[in-house]
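Chemist: Quick one: this structure, given as structure tokens, is what I'll be asking you about.
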Amino acid sequence: MTRPFVMGLTGSIGMGKSAVALMLREMGVPVFDADAAVHQLQGPRGPLLPAIEAAFPGTTGPEGVKRQDLGARVFGDADALRRLEAIVHPAVARMREAFMIEHMGEPLVVFDIPLLFEKGHGKDLDAVMVVSAPAEVQRQRVLARPGMTVEKFAHILSLQVPDAEKRARADYVIDTGLTLAETEGQVAELVRAIREKNPRG
């Protein structure tokens with residue numbers, strides 16, 4: 001059975017990563033969403049709730065992890081963050097492995113990983129796709145979000161690898177500063193090329 005070509009998908013805040021992930025799904029490409037996996041693990045009756053509650057008492061409830069409370073406990077505390085990651089990361093890795101097994105005959109699978117470069121998650125990937133748009137487009141998109149401020153946006157950017165560096169480290173760059181149709185055309189061409197090189201097995 002053919003092993004899929006494994007593509008990482010990433011990009012800074014406001015660059016259109018979610019839109020590109022949706023395009024890929026609509027083209028029949030299996031996409032593993034790392035953020036969604038974490039939400040599932042930490043949501044109502046999530047399998048990680050007992051371990052998180054034991055490590056950080058008072059941060060979980062019937063609806064799952066109390067994200068603000070847990071965030072306050074680990075923000076600025078490197079040791080606490082390491083303890084949380086030691087609980088979460090192995091569980092996400094197991095979900096990734098199950099996803100790969102499920103889609104082993106596919107020509108292409110994509111792992112949607114927001115902090116791919118920041119957390120060093122690129123080791124098991126065949127290539128990385130970065131979504132990018134001009135800085136002013138990014139700024140307009142992000143500041144249009146409910147509750148977003150210039151200060152919050154600046155803080156988030158300070159924690160992320162700069163867009164220019166992501167572009168330089170990418171194997172493929174998708175320009176999302178264009179129309180949706182033009183962006184979709186770029187994605188479709190890339191998917192077609194990979195499927196031709198790595199047919200379904």
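Glycine is no exception: its Cβ is also placed from the backbone N, Cα and C atoms.
These came from Swiss-Prot, pasted as-is:
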- 6-201: domain 'DPCK' (DOMAIN)
- GLY14, MET15, GLY16, LYS17, SER18, ALA19: ATP binding site (BINDING)
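Tell me about the surroundings of these features in the structure.
Modeler: Regional average pLDDT for the domain 'DPCK' (6-201) in the model is 93.
ALA19 (ATP binding site) carries a helical DSSP state (H, G or I).
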Chemist: Including all protein chains displayed, how many Cβ atoms other than that of GLY14 (ATP binding site) lie within 10 Å of its Cβ?
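Modeler: GLY14 (ATP binding site) is surrounded by 24 other Cβ atoms within 10 Å.
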Chemist: Return the single residue from the binding-site residues list (MET15, ALA19) that has the minimum number of other CB atoms within 10 Å.
Modeler: ALA19
Chemist: How many neighbouring Cβ atoms, not counting its own, are there within 10 Å of the Cβ of SER18 (ATP binding site)?
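Modeler: Neighbour count, Cβ to Cβ under the 10 Å cut-off: 15.
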